[in-house]
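Enquirer: According to TrEMBL, the transmembrane segment annotation covers A:50-70, A:76-95, A:102-122, A:128-154, A:166-190, A:246-267.
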Amino acid sequence: MNEKKNIPQWLMKPDELFEVGKKERFIEKNIHTLFKLLAAIRSRSNDHCFLSRIHPALKLFSLVVLLFLISLSRSMVFISTVGSCMLLLISILPVNIMKRILIMSLTAAVFMAVTLLPAFLVGIHGHYLLIVVKVWLTVSFSGLLVLTTSWHALIAALKLFRVPDLFILILDITLKYIVIFSDFTLNMFYALKLRSVGKTAKKAAPVAGIAGTLFLKSKEMSEDLYDAMVCRGFSGHYTTQVKRQWHWMDTACSVFVLALALSFFYFR
Amino acid sequence: MHIPDNYLSPETCLIMGGAMVPVVAVSIRRVRVKMTRERLPLIGVGAALSFLMMMFNVPVPGGTTAHAVGGTLLAILLGPEAACLAIAAALLIQCLVFGDGGILAYGVNLFNMAFIMPFAGYAIYRFLVTRLAFRNTELIYAGIASYLAINIAALIAAIEFGIQPLLFTDAKGLPLYSPYPLKVSIPAMLIPHLTLAGLAEIVFTVGVLIFIKKVSPEILQNRPVSFHKISALLLLLIPLTPLGLLSAASAWGEWSNGELHQSLGYLPKGMAHGYNYQALLSGYSFKGMPGAVGYILSAVAGVALLVIFFRIFRMSRRKDEQH
């Protein structure tokens, strides 16, 4: 507590990096967006929770089964059962993942509700609630998978489903290069910001330059990457280490999906 | 004790709801000042606990049912202001999602269960503990306080029911809302609560306090708590909730319009044309599902909603502190 008192007052004030509320300038707005994107990608490595312990392949398979069951079901009882389970799952997640899933799924559900509004007003309200809840559930389950599994684990899981090597390679490189290119673009925007003074009418003019440089850079980098891979003995086959010990969460996940599948047939 | 819509006149609901606004505002302010951030989610756990306790209906003589609330228990565990917020959240979920207790009558239910019960219970408990301090008597005092508090709340609910036919009648002199006068409503509410519901409240209060003293004593000492242990208590209670289905009858003053029409021979006008809210999971049940399973799922959904709500609340509080 004493240490806290020694910090001068001006250091305790939150520093607004970007002027919020005022009309942001074009460059700053872009920097802000890119910065947020990169921060979001980098912070993902910290997202660990009990669901991360399930084998990614099993998780992917469970998701596909659950999505099928949810979309095929026309019984409000089954959907409510899954909904209760979903609420329970969300309530025990780490709070940052919980918030993101809720924002994602509730946005989708509200959007669906608005889209269905005309049908509702005309007088077709038999399945109104059912469809909205289904959307909420499917988006929540997808969110659970995406937010609790690292992208590389997910790609490794694809290998188990016999997805072609080429496709996996493309996905893997895409994911890596999204980060690299974002970083690169961010640096270009920083450079642009440092050199621009005053106001200009052609605010969007530098974008073409940045996009063009980025394209040239990417072409160069892809050639370099391919050469590097060939030098290291890449022959087109993609091998992944997927062997992993069976965790008790895997059993729990299987039992959960099985129980929901049985209840699907029971409540039909 | 959950008063449904249309049993009380809109005027009564408005006045009681208005009275609760400052109570809730002051409670929120005091909780913000008093409670540490680590202990905030305890309010959510408390709300979930209270929600579950209200699902255990006990059959009482006269063919109706009643249930414990846990107001005193939460007040002892968290302080009366936090208990007020916890029960308010539980009641909100009950009325919006499960149709238990009316939307217009939310303020009245708040007054009875979220204000009178925890504050009265806590006052009695503090009085006994400070004035008659003997060794190892705290649990007994907690039991006594909880018993008295639920009965005070029931008495007030009975008075709210009973004054309706005195104040609101139509041209023929028939009551517009709740038809039973004070001499009927007070015994009808107090007999269940003096006997079995009071007993259930004592059992829950003392039982949970013993459990917490053994498993997680830090909760009582205003220290950071481990939530795993207290969550175990919730998980233990959820599968037991279908015990509350053993008595199928409605609680006194919570009949459906049909039931009331049958026993009274007519339906009070204000109730026949009143506001009618259709909750998603009305009566803690799913259509076409065995009652017990529906009840457990309702308990799961309710508890999860409360926990989510308070964990998000805690996160927003953390952001406030950073700024």
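Cβ coordinates are placed from backbone N, Cα and C, and glycine is handled just like the others.
Here the structure is a predicted model, which means the values were calculated and not measured.
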Enquirer: Considering only Cβ pairs under 8 Å, which range in A:50-70, A:102-122, A:128-154, A:166-190 makes the most contacts with the transmembrane segment (A:246-267)?
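Expert: Comparing A:50-70, A:102-122, A:128-154, A:166-190 against the transmembrane segment (A:246-267), the winner is A:50-70.
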Enquirer: Based on Cβ pairs under 8 Å, which of the stretches A:50-70, A:102-122, A:128-154, A:166-190 lies most in contact with the transmembrane segment (A:76-95)?
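Expert: Most contacts with the transmembrane segment (A:76-95): A:128-154.
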Enquirer: In the same chain, which residue numbers or ranges, 6 or more beyond the ends of the transmembrane segment (A:166-190), come under 8 angstroms Cβ to Cβ?
Expert: 27, 30-31, 34-35, 37-38, 41, 151-152, 155, 158-159, 210, 213-214, 217-218, 221, 225, 236, 238
